[in-house]
Structure formats: structure tokens, C-alpha cells
Amino acid sequence: MAGSFQADFSSVVFLAALFGCCWSVNPGLRTALTSKGLNYACSVGIPILEKELLTVAIPDISGDADTPIGSISYSLSNIKLVSFKIPTASITSSSGGLSAQASGISIYVTADWHYREDSWPHISDSGSLDVSGSSISLEVGVVMGADSKGHATLSSTTCSFNIGNLDVHFSGGAAWLYNLFSDDIADSLKDSLRGQVCDEAKSTINTQGNAALETLPVIVQVDSISEIDFRLLQSPSFTSEYMETLHKGEFYSIAHPVEAPFTPPPLPPIANTTKMIYFWLTDYIAESAGFVYTMAGALQYNITPDMIPSSFPFKLNTASFKALIPELYQKFPNWPMQLDLNATKPPDFTFSPSLGGNLTVFGDMAVEVVSPTNKSMQLAFVLGLILYADASVAVKTNKSGGDIATFNATFLKVDMTLLESNVGDFNVAVLQTVVNLVCTGFVIPTINQYGSTGIPIPTVDGVTLVNPTVTFGQVNMSMQRGTQKTNIFL
């Protein structure tokens with residue numbers, strides 16, 4: 001699988017894009033960045049690091065040396081790192097964090113030289129030099145954490161830059177003289193380069209890496225009603241195969257933020273690491289969304305006569321129900337009707353390997369009649385409804401270029417009960433076709449409008465998921481809601 005990690009050097013530290021603080025609760029969202037993903041990010045970021053290292057400012061070098069012509073003082077100035085090539089690099093994870101290693105590095109350095117004889121007649125001369133380096137390796141250790149608000153942080157803590165061979169060649173003037181003590185010059189250059197390269201590598205990771213992590217969403221507004229919380233629950237855990245991160249993954253009301261009255265289930269151990277990155281989206285995320293929208297009164301829908309398509313086999317008029325519910329027509333002859341749909345509790349989302357996604361919606365439908373004379377409304381009857389639907393999940397790119405997990409519901413059936421009636425008792429089965437059409441024509445499309453908005457998948461800027469696949473898994477927990485999970489494998 002190929003991915004698109006179009007970013008600055010932050011691509012190398014996308015591995016650090018998800019971290020945690022210290023909340024001991026189960027996550028609504030879990031991610032695992034595998035060795036394959038780390039190394040892909042590394043391959044994208046290495047050219048950026050090579051470019052950054054060419055900006056290293058190497059200080060002038062001076063010293064004294066004994067030569068066949070006597071004691072001299074020398075200096076190297078205008079030292080420039082002209083080429084820095086990293087042919088092989090990788091990132092590995094362990095219990096202590098992450099380590100980026102590069103080997104087979106080659107460098108090319110240029111500088112100006114000058115010397116002056118210490119005693120009379122103080123002969124001096126100058127020229128240029130070229131330095132070729134090989135058998136060089138670089139290793140940088142990175143630790144990750146999070147601040148108190150759940151934002152990710154990273155810090156490069158260790159660095160080693162080991163230079164195997166430096167071939168120094170002097171040109172111009174008394175170059176033969178400098179070549180006599182080129183080993184001393186090479187040692188001085190090695191000492192200077194070790195410090196400067198490590199400082200620049202650590203600075204690049206710290207500065208650009210943390211800047212990239214600032215783009216990782218923590219609180220994302222979905223619409224005028226809700227936002228989703230991606231704060232990090234605890235510090236990441238590491239194995240030799242992946243880095244695991246845990247996120248709160250919960251919808252909140254913008255106007256009245258409160259915790260959902262249920263908790264996410266524990267997730268199973270990570271068993272598969274063949275892809276670059278894995279996201280586990282538990283149904284806790286979807287159910288917390290349902291809770292927010294239900295409490296906000298957003299899952300209400302009124303259907304008026306002018307909204308009924310001409311293709312429907314009925315109109316919202318009591319005349320259409322004369323044969324089905326005679327008392328309705330007798331009491332309100334030829335009166336217009338209105339259907340008031342209302343969710344009575346949050347929808348239930350479940351996912352399983354065998355059945356995929358399932359959605360259950362709990363609500364009622366108040367059937368009102370409208371007086372033809374004064375337009376006043378009277379309640380005719382109320383049906384209790386339980387709607388069942390299949391739910392498919394997909395990963396798509398939204399208009400702003402971000403990746404979102406969307407769902408689409410397909411109607412299966414609806415169960416009905418008569419909760420209240422002002423037109424006498426009747427068999428609700430006579431309304432099955434009508435209610436089915438209401439569900440397929442109005443309820444399901446409304447649900448799918450919310451589903452198409454999607455759940456944003458948190459990534460740093462410039463990171464695009466390519467060829468994502470969705471599979472369903474299940475955790476069997478008998479005492480909790482939200483017991484299943486959706487695994488999005490990328």
C-alpha cells in the first residue's frame with residue numbers, strides 16, 4: 001500500500017502525531033502506527049532532513065602545529081557542508097520510544113585555509129580545501145508525551161553522529177604543508193561536525209515536529225450542534241512492531257457539553273501490523289453523537305402534506321386513511337394531516353464481523369390533524385416506533401481535504417405500537433406500508449445526511465490516507481453499551 005504524507009520534516013515525526021496524557025479510561029478511538037508506516041514516513045522525510053542539514057553553520061577552526069618549517073598557527077574559515085546524502089534510514093520503536101537511524105551517509109565539505117609562521121619572518125599563505133566523508137551514521141532518539149490539555153508533544157533527547165573516514169585535500173599555496181597534518185584537521189572537523197549536525201537534527205525534529213503536531217486536531221467542530229473530542233488519554237505505548245495511541249473519541253454538545261451516560265469498552269490486543277496505520281473507531285463515538293443530537297432535539301422531523309411526493313400511494317389527508325382507520329375519517333373527514341417524528345432516546349449502533357453495522361432508532365410518531373377552517377391542530381394518535389437498518393461504513397475525503405469515516409443506513413424494518421389514540425383502538429399493522437414509506441422516504445435520508453457529515457479521522461496536516469479498507473470486529477462485554485468496534489485498517 002502506498003500513502004501520501006505530503007508535509008515538511010514533520011512527516012518523519014508523523015510517528016509522533018498521537019500521544020496521551022494520563023486519564024485511565026477506555027478510548028473511543030485507538031490508533032497503531034506500525035513499523036511499515038514509520039519507515040514510509042522516514043523515507044519521505046529524509047530528503048527534507050538532508051536539505052536542512054546543508055544549512056548547518058560550522059564555526060571556524062584554528063590551532064597550532066609543528067611543521068618542517070617550524071611552529072605555525074593555522075585557521076580554517078568559510079566551512080560549508082556542500083553535500084549530505086543519506087542512502088539508508090529507518091525508524092524503530094521500542095519500550096523507550098522511537099529511534100531514527102541512518103547509515104552509509106556521505107558528506108562533502110569545502111573551506112578556506114590560512115597559516116602564519118609563529119617566528120620571524122612570519123611567513124603566511126592561504127588556499128582552499130575539500131573534505132570527503134564516508135562510513136558515517138546518524139541516530140536520534142525521540143520521546144513523546146502530551147500536555148495537560150491532551151495536545152501531543154515530542155522531544156529529541158539523544159543524538160550520535162559517527163564519522164568513519166574524512167579525506168582532507170588542500171589546494172593552493174603551501175598545500176603540501178597542510179597535507180602533512182591533515183589528520184589533525186580531520187579530527188577537528190569531526191568534533192565540530194558531530195556537534196553541529198546533532199544540534200541541527202534535534203532542532204529540526206523539535207521545531208518542525210512540534211509545529212506539525214499542533215495541526216493534529218484535538219477538538220473538531222462538526223456542525224453548529226456538536227464537536228468531537230480527540231484529546232489523548234495517556235502516553236503512547238511502544239512495541240517493536242508499532243506505536244499505540246489512545247484518544248477520548250467522544251461527541252459533545254457545543255451549547256451544553258456533558259459526558260455521555262455510558263463508557264467505551266476495552267479493546268482487544270493489536271494482532272495485525274501489516275498495514276501502515278490502523279484506526280479503531282468504536283461504536284461509542286457514534287452513540288455519543290446520537291446522545292448529543294437527541295438531547296439537542298435535533299432528531300425531530302415534521303412531515304406536512306406538501307412534502308409528500310406525488311409517487312407516494314397516499315396523501316396526508318384523512319381521506320387516504322378512510323379504509324385503514326375508519327374512525328379517523330369519521331371524526332375528521334377530509335382533514336389535512338401532519339406527522340411529527342421524534343427520537344425518544346439515542347440511536348443504538350452495533351457492529352459485528354458477521355453482520356457488519358446495524359442501527360436501531362427509537363422514537364414515536366404523533367399523527368395530528370389540521371382543521372380546514374381555523375388551521376388548529378388536534379392529536380389523532382401516537383405510534384411508538386423502533387426502526388432497524390443496516391449501516392455501512394466508508395472512509396472518504398471531505399471538501400476541505402480531510403479524511404472522514406461516513407456511514408450510510410439502509411432500511412430493514414420498523415416495529416410499531418399504539419401508544420395513544422383519540423380515534424379508538426385499531427390494528428397498527430394496517431399502517432405498515434405507510435410507515436415503511438415514511439421511514440424510507442424521510443427518516444433514513446435524514447439519518448444519512450448526518451452520516452455523510454462523517455467522523456473526522458485525526459491526522460496532521462499534509463497526511464492523506466490512501467486505499468483505506470474497513471473491517472468490522474466485536475468485543476463481547478455483557479454489561480456495557482458500545483460493546484463493538486469498527487476497525488479501519490489502512
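Counting starts with 1 at the first residue shown.
Glycine is treated like the rest: Cβ placed from N, Cα and C.
Under the heading signal peptide, TrEMBL lists 1-24.
Over the domain 'Lipid-binding serum glycoprotein N-terminal' (32-256), the average per-residue pLDDT in this prediction is 86. The domain 'Lipid-binding serum glycoprotein N-terminal' annotation in TrEMBL covers 32-256.
Under the heading disulfide bond, TrEMBL lists Cys159-Cys198. For Cys198 (disulfide bond), the same-chain residues lying six or more positions away in sequence with a CB closer than 8 A to its CB are Val140, Cys159, Ser160, Phe161.
Residues or ranges marked as domain 'Lipid-binding serum glycoprotein C-terminal' in TrEMBL: 271-481.
When Cβ atoms from all protein chains are considered, those within 10 Å of Cys159 (disulfide bond) total 19, not counting its own.
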